[in-house]
Amino acid sequence: MEGVTIVDHPLVQHKLTLVRDKSISTKSFRELIKEIGMLLCYEVTRDLPLADTVIETPLATMHSAKIAGKKLVFVPMLRAGTTFVDGMMDLVPTARVAHIGLYREPHSFAAVEYFFKSPSDLGERLAIVVTPVVATANTAVAAIDRLKERGAKDIRLACLIAAPEGLERLRGLHPDVPIWTAAVDEGLDENGFILPGLGDAGDRAYGTR
């Protein structure tokens with residue numbers, strides 16, 4: 001699908017297999033999501049602009065490259081997105097972090113917002129929405145809608161797994177938002193959960209039901 005990149009690096013796929021396993025502990029689940037977040041961040045930021053700069057090494061003066069002209073804001077979707085984004089922050093510690101709290105109404109699957117906090121200069125930043133799962137995409141669409149309302153112009157999305165139905169809806173409503181995912185699963189069940197999926201990422205990360 002155009003605009004969707006599947007990150008098939010062996011390390012990502014290995015760690016995703018471990019994450020899917022229902023027998024792992026909450027601690028292992030959180031640690032693995034953080035590690036995958038770091039690996040996906042590497043791919044999502046691959047095309048950041050570079051500028052030449054002059055530095056002094058211990059032995060000589062040299063020209064070298066630094067990221068320039070692009071400020072970042074990570075946008076984890078609560079709850080499990082906060083664990084996912086920790087690995088990204090390890091790579092880009094100077095990035096800002098916005099938070100969006102959305103839950104999916106269990107009967108209609110509609111997205112309900114309960115929290116939103118972001119930097120005031122969203123229009124000047126590359127916003128990377130971070131969510132473990134894109135199932136129906138209702139919450140992802142609502143998050144992107146909200147970011148655009150607040151002035152964000154350059155938005156990307158990173159997730160662990162996605163359903164074809166969710167990707168189609170997200171790309172249809174926001175074709176300007178590219179997506180990076182570790183896997184595209186078979187589809188959705190009657191309750192809107194991804195099959196085979198990985199379960200409820202928030203519950204598995206924090207030991208709730």
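Just so it is clear, glycine is given a Cβ too, placed from its N, Cα and C backbone atoms.
On a predicted model such as this, the values are computed, not experimentally measured, just so you know.
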Item to check | Site co-member for 5-phospho-alpha-D-ribose 1-diphosphate according to Swiss-Prot, given Arg104, Thr131, Pro132, Val133, Val134, Ala135, Thr136, Ala137, Asn138, Thr139, Asp200, out of Arg46, Arg79 | outcome: Arg79
Checklist entry - Should Thr139 (5-phospho-alpha-D-ribose 1-diphosphate binding site) be counted as helix, strand, or coil on the basis of DSSP? => result helix
Checklist entry - Between the binding-site residues Val133, Ala135, Ala137, Thr139, which lies closest to Asp200 (uracil binding site), Cα to Cα? => result Val133
Checklist entry - About how far apart, in whole Å, are the alpha carbons (Cα) of Arg79 (5-phospho-alpha-D-ribose 1-diphosphate binding site) and Ile194 (uracil binding site)? => result 18
Checklist outcome for this item: From Ala135, Ala137, Thr139 (binding-site residues), the ones whose CA sits within 10 A of Ala201 (uracil binding site) are none
